[in-house]
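Trainee: Please read through the structure below; I'll follow up with questions.
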Amino acid sequence: MCIHCLNLRIVCFTYVFNGIGFFLGNFISFGRFASPVPTFYRAVKNDSVEGIEPEYYLLMTLNCLLWLLYSMPFIHPGSILVSTANGIGLVIHLAYLIIFIIYAKDNKQRACLVFLHMVGLVSGLVIGLADDVVVRTGLVGALAIGFGTMTYLPLLSGVLRACREESVEHMPFRVALISILNDLCWIIYASLGFDVCLLFTYCFGILIGVLQLLLHCVHSGDDKKLATDVVPVQLPEIDTGDDKKPCTAEVDP
């Protein structure tokens, strides 16, 4: 009887933990996917996507598509959290690309369309040519690891720039925090199921996130000091015959 009660408690705990992980993981992933919304809102408002580079969003679209494909029952069964989170991400990033295609003024529109056709072709080839489940899982997992890792390259570029300039002005703290929480959630999920593909990708991502937070701890105070640290300087008095007080100005030290 005691063993039966213990097993029941373990099962209940597992369901509760999976439920919390499901909602928390989807919520944090949604926060990461939705972080560019203000950028595209301004693009729609200004009727222009000038200054928006589509490469990152194309990469994220392919990343979400591959993880969604990876989580399908005929490739890697039992990955419901992966499928829901990346399904939401795929819809959001497709919306970003549609906005870009509508408002872009150059040949990048065609590049986006060609890319989307190539994504469909590659996905069809992977599914059609690989008959064995293990082979399909390995192929799609390897592609997902590759593109998942590539999505962190812009963040790594921001880390290198912050180190070079000794400033975190171009590396928002909010984005870094959401990214590290997202990566931590996926690492816990991948560790419970021992999913090597997810574990490798998000371990790489969390290393970059930790570097971002460390740089914020080191340089955020310097940015505030540069923004507020101004001193008044007395300008030389000019004799114009009028009774005027000497003027002053504020300059950076």
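For all residues, glycine too, the Cβ spot is worked out from N, Cα and C.
The transmembrane segment feature in TrEMBL is assigned to 15-35, 81-104, 111-130, 142-163, 175-192, 198-218.
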Trainee: Ranking 81-104, 175-192, 198-218 by the number of C-beta pairs under 8 Å to the transmembrane segment (142-163), which range is first?
Mentor: 198-218
Trainee: Taking residues 6+ outside the transmembrane segment (175-192), which of them lie with a CB under 8 Å of any CB in it?
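Mentor: For the transmembrane segment (175-192), the nonlocal Cβ contacts are 21, 24-25, 28-29, 31-32, 35, 81, 155, 198-199, 201-203, 205-206, 208-210, 212-213, 216.
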Trainee: Report, as numbers and ranges, every residue of the chain located at least six residues beyond the transmembrane segment (198-218) whose Cβ falls under 8 Å of a Cβ in that stretch; write 'none' if there are none.
Mentor: 82, 144-145, 148-149, 152, 155-156, 158-159, 162-163, 168, 171, 173, 176-177, 179-180, 182-184, 186-187, 189-191
